[in-house]
Amino acid sequence: MAGEQKPSSNLLEQFILLAKGTSGSALTTLISQVLEAPGVYVFGELLELANVQELAEGANAAYLQLLNLFAYGTYPDYIANKESLPELSVAQQNKLKHLTIVSLASRMKCIPYSVLLKDLEMRNLRELEDLIIEAVYTDIIQGKLDQRNQLLEVDFCIGRDIRKKDINNIVKTLHEWCDGCEAVLLGIEQQVLRANQYKENHHRTQQQVEAEVSNIKKTLKATASSSAQEMEQQLAERECPPHTEQRQPTKKMSKVKGLVSSRH
């Protein structure tokens with residue numbers, strides 16, 4: 001659910017430019033201002049500055065630790081190390097709680113109010129919902145409150161800073177994701193191949209059936225034509241019986257008749 005970082009880059013760039021020429025207490029003051037600044041929720045570039053890293057070896061090391069905590073940590077991390085860290089202003093406290101919500105949202109699509117109340121050390125539901133609404137308006141998360149089931153349903157959240165030591169894990173996760181995609185693609189290709197084979201076999205069978213039907217039609221047509229011719233011939237024979245020749249009187253009969261007449 002983690003998404004691209006929302007606009008805070010211009011303001012952060014201004015702080016980075018100021019920090020490059022700053023040291024000592026002036027730098028710690030600048031860090032405090034960055035941690036309070038509205039819209040600034042990523043701190044990796046500031047942490048990479050050499051003079052900021054130099055704070056680790058001086059009296060102001062706690063401010064470097066605090067900056068690291070805002071970059072990678074959560075509100076429970078601050079509470080666990082509160083004694084060794086500078087005290088937070090109200091604005092810084094709310095921002096760290098917002099970042100804690102982002103961290104939870106990157107792992108869970110539906111965050112129970114009970115989890116939020118525990119991690120943010122809040123007891124009042126109304127205050128919790130107001131804090132969530134603030135986070136939504138700052139565009140670091142998108143979602144809705146399910147008051148009936150007491151859930152925060154997350155649709156989107158920004159991405160937080162990434163430690164260098166975590167990059168290998170991210171690369172490993174991406175490789176696993178790519179392997180999974182390749183396996184899915186291979187499965188789809190096999191299904192397409194089977195579908196094409198089925199289609200080809202079906203088409204071949206259909207052609208065979210059509211050829212057989214055509215042959216049967218031709219046979220039936222030829223048989224019907226032959227039967228019709230035979231029937232016509234039989235009808236013709238019935239309507240026209242064979243002609244019998246009449247006997248012609250012979251000359252002997254005529255002679256006999258002449259003899260009879262002469263005797264009279």
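All residue numbers here begin at 1 and follow the chain in the order shown.
For all residues, glycine too, the Cβ spot is worked out from N, Cα and C.
Copied from Swiss-Prot, the annotated features are:
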DOMAIN    2-159  domain 'PCI'
MOD_RES   Ala2  N-acetylalanine
COILED    194-237  coiled coil
COMPBIAS  223-232  compositional bias 'Polar residues'
REGION    223-264  region 'Disordered'
COMPBIAS  235-248  compositional bias 'Basic and acidic residues'
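The average pLDDT the prediction assigns to the coiled coil (194-237) is 84. Long-range contacts of the coiled coil (194-237) within the same chain: none, as no residue at least 6 residues beyond the stretch ends has a Cβ under 8 Å from a Cβ of the stretch. Shown for the compositional bias 'Polar residues' (223-232): DSSP residue counts in helix, strand and coil, namely 10 helix, 0 strand, 0 coil.
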